[in-house]
Amino acid sequence: MKNLFLFCRAGFEKECAAEIQQRAGELNVGGFVKANNNDAYVVYQCFEDDAADTLVKQLPLDSLIFARQMFAASDLLVDLPENDRISPIVAALSDVSKAGEVRVETPDTNEAKELSAFCRKFTVPLRQHLKKSGSLLAQENPKRPIIHVCFIGPGRAYVGYSYSNNSSPHFMGIPRLKMAADAPSRSSLKLDEAFGQFVPKEEQEERIRSGMNAVDLGACPGGWTYQLVRRGMFVSAVDNGPMDEKLMETGQVKHYREDGFRFEPQRKNIYWLVCDMVEKPARVAELIEAWAINGWFKEAIFNLKLPMKSRYKEVTAILETMQTILKENGVTDFKVQCKHLYHDRDEVTVHLWLRPNTAWN
């Protein structure tokens, strides 16, 4: 297969396209991008047959900012007959052997999601035929490749596969999170999703645990503080605005009515620093850099608001500058990740982990 199909948020196709063009080039996989505004997906067509397999194997999905999910894909299947859509799809997947799962998906647009009921019904007979052809195992296996069938319209679909060790576990790359009734704001879901994105399940008990100390800069009214409190942490909430009363009643939150850019923690045993402030992204990055250089936290999650234009260029420039400044100031052991989360809008979420291979005291 010579295409790489990438899911993204509608309206961010240009950013996703610019990113995959650059990252594929770094792996010497030549090709060109096919993308339309508000389609919520991008297709990177490789010049060489089977080159998409190189990308789904060697390009970590977690290293891509704007892609939610990706898979090696066939050319677009068009005019699938209503009386037999299955046969052309099974034929297009003839080179896929013993996959462990099949997902029938759509891009994340209102128009495409009108097909979601059809996709659910279609999955059952398709699964049976794929098992008969040998493309799909009789029993689901999370360690085997995943077959993707993405309908972009009636009778039009891209089909292909991803590898389970380099693929989102979520349908369409979208985690299904529920808004808690007592959460102070919808922004709470951003941090909830970020923890799932940046901290593997098997490490969450160690890295996101009860009793930890955390700081929330720009905390009002407490959407992000809520997620920290829910996990049993003690939080210094920094904001000139008011905090949610129920959060304050937990006894786990101390409210500092201060400017987050001027706040200095009294205690230096902080594990988590979180920050979601409506501010210029470069200024927020500088704030996090200062905290990192001072060694005031172990892990940080923060949002960077995106400009209207050149969003990919701006984000990558800020992240590169951050890494340079940290290294120039003696902070050399760290890991940075960045993702345009499902619950993000015109922003991206960044995770900075200091001394990732050194245990927290």
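Just so you know, glycine gets a Cβ as well, placed from its N, Cα and C.
Copied over from Swiss-Prot:
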- Lys305: active site, proton acceptor (ACT_SITE)
- Ser187, Cys220, Pro221, Gly222, Gly223, Asp239, Asp259, Asp276: S-adenosyl-L-methionine binding site (BINDING)
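Rounded to a whole number, the distance between the Cα atoms of Asp276 (S-adenosyl-L-methionine binding site) and the residue listed as 'active site, proton acceptor' is 9 Å. Counting other C-beta atoms within 10 Å of each candidate's C-beta, the binding-site residues Pro221, Gly222, Gly223 are led by Gly222. Taken residue by residue with DSSP, Gly223 (S-adenosyl-L-methionine binding site) is part of a helix. Every protein chain shown contributes to the tally, and the Cβ of the residue listed as 'active site, proton acceptor' ends up with 16 other Cβ atoms within 10 Å. For Asp276 (S-adenosyl-L-methionine binding site), the same-chain residues lying six or more positions away in sequence with a CB closer than 8 A to its CB are Ser187, Lys190, Leu191, Gly218, Gly223, Trp224, Phe302, Asn303.
According to its DSSP assignment, the residue listed as 'active site, proton acceptor' is in a strand. According to DSSP, Asp239 (S-adenosyl-L-methionine binding site) is assigned to coil rather than to any helix or strand. Asp239 (S-adenosyl-L-methionine binding site) is surrounded by 22 other CB atoms, counting those within 10 A of its CB over all protein chains shown. Its Cβ taken as reference, Ser187 (S-adenosyl-L-methionine binding site) is surrounded by 19 other Cβ atoms within 10 Å in the chains shown. Using a 10 Å Cβ-Cβ cutoff, Asp259 (S-adenosyl-L-methionine binding site) registers 12 neighbours. DSSP classifies Asp259 (S-adenosyl-L-methionine binding site) as coil under the three-state reduction. In this view, Cys220 (S-adenosyl-L-methionine binding site) is surrounded by 20 other Cβ atoms within 10 Å of its Cβ, with every protein chain counted.
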